[in-house]
């Protein structure tokens with residue numbers, strides 16, 4: 001270890017002590033961790049462990065640690081062994097947190113979890129999910145299990161040996177079981193279809209190249225704050241599976257990120273598009289049958305009193321009593337009219353779903369700012385009724401849904 005690194009580590013430790021003196025424990029932890037990355041020092045590690053465990057660490061303790069560290073380095077330089085380090089290792093209880101070669105601490109429980117994941121090959125067992133549950137239950141359980149394990153195994157949180165490999169293994173299991181087609185193939189063959197594809201030399205999709213960190217970011221908050229409503233809109237208008245979309249989006253983000261500040265208005269582009277779609281939905285797309293706005297309402301009013309239902313998606317709407325004279329049942333005019341009704345209904349749901357997604361993202365950002373895990377969970381579980389309706393329509397009427405979202409494009 002170079003002297004320059006040692007001196008820089010000393011400066012970082014001093015900044016950490018200063019932060020602790022001012023009461024900012026988070027800042028103290030960051031500087032102490034940085035110091036240990038540049039130079040492994042037992043006293044700095046001891047101080048970091050006390051701060052992390054929330055023990056009462058006074059300024060005098062920090063200063064004593066700093067002075068002890070200097071004495072330790074002087075002893076080591078003269079060929080001796082720091083007595084404090086020798087006694088600490090001899091007296092350290094087995095249940096206490098240990099440190100790896102990079103200076104990151106970990107507990108026995110974290111180490112056991114890592115070893116369990118590394119020993120397990122079955123994806124369902126890795127996540128602790130019952131493979132015999134119905135599709136809806138499996139989807140929800142897989143997401144819940146991944147959220148729990150990913151937080152425990154993330155290399156930034158878990159310093160146990162092999163934590164990074166275990167984290168990647170959990171991410172791979174989630175990537176397979178969260179995709180219905182991949183899960184079905186895995187249930188039939190017992191092999192990850194993407195691994196089979198790689199073995200056969202077939203080119204993979206974009207989501208094959210996602211790292212474990214990419215999946216983690218997409219699932220939690222890092223990527224979510226950048227995607228905002230674009231995820232809902234673009235995935236609604238395309239057939240991209242979620243992970244493939246996130247991968248392509250992440251690659252695109254890398255290209256324009258340096259210029260993001262000057263192009264922040266692009267974040268509002270999906271909302272502008274929705275407003276345009278809503279305006280266009282009020283007009284007839286086919287000039288051959290009318291230049292006037294089709295007269296209908298999704299709620300009964302004094303003028304719109306007759307309830308009707310579209311033949312394809314069974315959307316209820318209301319028309320004036322004179323409607324049947326202008327649009328006879330079964331006529332081409334009535335079919336085009338119902339297409340307009342369904343398009344308007346779907347795009348209204350898209351707009352409402354976009355608002356719900358934005359609200360969720362805003363709440364997630366607030367939870368991150370407040371560093372509240374409970375608030376973060378509540379934000380991620382915020383009900384989104386319009387999005388749920390949209391998903392049900394997409395599953396029940398896929399052809400009509402695609403026609404509705406592509407009608408104006």
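Residue numbering: from 1, along the chain as shown.
Each residue, glycine too, has its Cβ placed from N, Cα and C.
Heads up, TrEMBL stuff is auto-annotated, nobody curated it.
Feature region 'Disordered', per TrEMBL, maps to range 183-204 of the set 183-204, 205-226, 227-248. Which of 146-168, 261-283, 284-306 counts as transmembrane segment depends on TrEMBL, and there it is 261-283. As a whole-number mean, the pLDDT of the domain 'J' (122-190) in this prediction is 85. Helix, strand and coil counts from DSSP across the domain 'J' (122-190) read 49 helix, 0 strand, 20 coil.
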